[in-house]
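Beneath this line is the structure, given in structure tokens, with notes to follow.
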């Protein structure tokens, strides 16, 4: 322990791990769950909503696509904003805004409205989700930081388990009421409930400080020290004055060069210019990845990751619809309920007569159609829990990617 000037790693190590870290991890969990809900909620809604909104297979695909379109478009701007105004404002404002757009989606009376609000849902949630990982890492020292990504994965797996459980409990319940000219059904209530994690994200982060590492990067050492003292106080159950670090330094040459020696905080304009230069510098650093000798290996990695994500998302997004159709076909006494028959049935659904559609819509509300989704999600969660301790074994960790692919 020292009362001399310390860099970030030394200062955060003095804070230890305790109550504050538990609270910040619990506050991050709703944000990670909100991302899963934003991407997956419509998968469980569509079997119930397709009759109310008269959804075709193309409409269903478009509803899935617009959420991801919003995420892709907003990815770079959110990173720029987070580096300019900070992590905490993005988590608070992003959480509240996303919750509002999800609530608006629950008020949708037609496909166009639902599609528009889900686009903005994806556009907004990308910011908090991307920032929360950095936010968590910047509140933990080297000892605990490697486990942050494991915690993120665990929360995502838990979120994937929660949403089919919520669908199993809520969607089979027949709900219908009118408010003026607006009609509300069970699937809209389900969407409204799915806004809770986003709203919790905005609420809980009001009580948390800005990342001390971000504050140091902006030259605001005074506020960074206050943030670290608060962490120390909660973790060690001691007064802030007993925190051994009294002065912070940033040994990074490029950051030290940006300061004028007074330790003053950067203005918003200076932050903007700095973030812009950082962004342009990052873009220029990508150039070697698209030129020799790294071009071949880069394309291989990008292609591998793209195919992996595409396969996982294709199965995950359409699995609730497939299970619901499979269950409906079995209930109607279909002789063939194979995967090919289910896909063919979905493609030909628009040619069904009205009586057949009504019967199938009623069967889509059967809770048994959600049990298979719960089992699949549960297996994923159990697998993650099992693999969690194995990652500490170096030999196992080195071969996990090869084995799982």
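Heads up, the Cβ atoms here are built off N, Cα and C, so glycines get one too.
On the 0 to 100 pLDDT scale, the model's mean across the domain 'Major facilitator superfamily (MFS) profile' (22-405) is 81. What TrEMBL records for 22-405 is domain 'Major facilitator superfamily (MFS) profile'.
As annotated by TrEMBL, transmembrane segment applies to 20-42 (among others).
For the transmembrane segment (62-82), the residues of the chain that approach it from at least six positions outside its boundaries are 38-39, 42-43, 46, 55, 90, 94, 111, 114-115, 118-127, 130-131, 134, 275-276, 279, 317, judged by C-beta separation under 8 angstroms. Annotation comment: TrEMBL describes 62-82 (among others) as transmembrane segment.
TrEMBL lists 89-108 (among others) with the feature transmembrane segment. Residues 30-31, 34, 37-38, 41, 78, 81-82, 114, 117-118, 120-121, 124-125, 127-128, 131-132, 135, 182, 184, 188-189, 191-192, 194-196, 198-203, 205-206 of the same chain lie 6+ residues outside the transmembrane segment (89-108) yet bring a C-beta within less than 8 angstroms of a C-beta in it.
According to TrEMBL, the transmembrane segment annotation covers 114-136 (among others).
If you look up TrEMBL, you'll see 148-177 (among others) marked as transmembrane segment.
TrEMBL lists 189-208 (among others) with the feature transmembrane segment.
Residues annotated as transmembrane segment in TrEMBL: 294-319 (among others).
The transmembrane segment annotation in TrEMBL covers 374-391 (among others).
Proximity of distant same-chain residues to the transmembrane segment (20-42), defined by a Cβ-Cβ separation under 8 Å and at least 6 residues beyond the stretch ends, is recorded for 63-64, 67-68, 91, 95, 98, 102, 118, 121-122, 125, 128-129, 132, 135-136, 139-140, 144, 151-152, 155-156, 158-160, 162-163, 190-191, 194, 196-198, 200-201, 204-205, 207-208, 230-231, 234-235, 313, 316-317.
Ranked by number of Cβ pairs under 8 Å to the transmembrane segment (189-208), the listed stretches 148-177, 294-319, 374-391 are led by 148-177.
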